[in-house]
Ligand SMILES: Nc1ncnc2c1ncn2[C@@H]1O[C@H](COP(=O)(O)OP(=O)(O)OP(=O)(O)O)[C@@H](O)[C@H]1O
Ligand SMILES: Nc1nc2c(ncn2[C@@H]2O[C@H](COP(=O)(O)OP(=O)(O)O)[C@@H](O)[C@H]2O)c(=O)[nH]1
């Protein structure tokens, strides 16, 4: 059991490696990796009222409105009083960040700062297993069988909005909405920014930062567990 509960958020533009790094953190430090995208997909699959609503936005390549996100996520976080977690994909906006603030005290925020050319290259080569949200990259972490998810064997797909034509608008939007969130966490003294073009080079810095903040690693809690 961890001595003290630890709550962290990872932020960054599309393709910056949030999901990839979150998995490593979950494996190394035993935090639960919570992903807003996974949580939305679960709600969509379960046909919940919020899931049906969220789907109409996601299908159009739009962000889900703040009130839908907070209504979905905050009650689940409130249930996790006995767990340490790392949240990936939430908060995205200042409204979401303020709502999260009223629910819990964050210990740390990781912000990934990755050059545009790198994001473009990675995303144009990102393949996704739509059922689980597992991601692959044909150069960096290819699936064992080309075009197939490692666990289910189901086909992988690419998202239109990962292609360069959509990326510029997505990045501009990310910068606009994320800036006040980053400023908020900076003013609280909990923001740690990591820059670079390769996850494998950034990872040791994140690893050593977290090693100073999370002394022990529980033997349980080692898997990626999407929100229930
Ligand atoms: N915090 C959030 N606020 C609003 N919409 C969200 C949020 N998190 C996820 N979404 C919606 O769910 C979709 C899927 O999210 P997910 O994080 O899996 O993928 P993504 O958009 O490809 O992000 P990234 O490229 O950064 O991994 C998003 O495109 C967006 O429409
Ligand atoms: N070439 C390369 N690809 C990477 C690297 N890190 C992550 N990726 C891939 O880049 C894509 C985006 O990473 P992901 O973790 O999904 O980023 P997110 O959108 O911020 O969650 C995925 O296809 C990853 O497999 C890296 O250092 N080099």
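Just so you know, glycine gets a Cβ as well, placed from its N, Cα and C.
Please treat TrEMBL annotations as automatic predictions, because they have not gone through curation.
Annotated range for region 'NMPbind' in TrEMBL, selecting from 35-64, 65-94: 35-64. TrEMBL lists 15, 16, 17, 18, 19, 20, 135, 136, 199 as binding ribonucleoside 5'-triphosphate, and of 7, 126, 144 the one it places in that same site is 126. Rounded to a whole number, the C-alpha distance linking residue 15 (ribonucleoside 5'-triphosphate binding site) with residue 41 (AMP binding site) is 18 angstrom. The number of other Cβ atoms within 10 Å of the Cβ belonging to residue 96 (AMP binding site), over all protein chains shown, comes to 21. Assigned with DSSP, the residues of the region 'NMPbind' (35-64) fall into helix, strand and coil as follows: 20 helix, 1 strand, 9 coil.
The binding-site residues near ligand 2, defined by a Cβ under 6 Å from one of its atoms, are 17, 19, chosen from 17, 19, 36. Counting other Cβ atoms within 10 Å of each Cβ, the binding-site residues 15, 17, 19 show the lowest value at 19.
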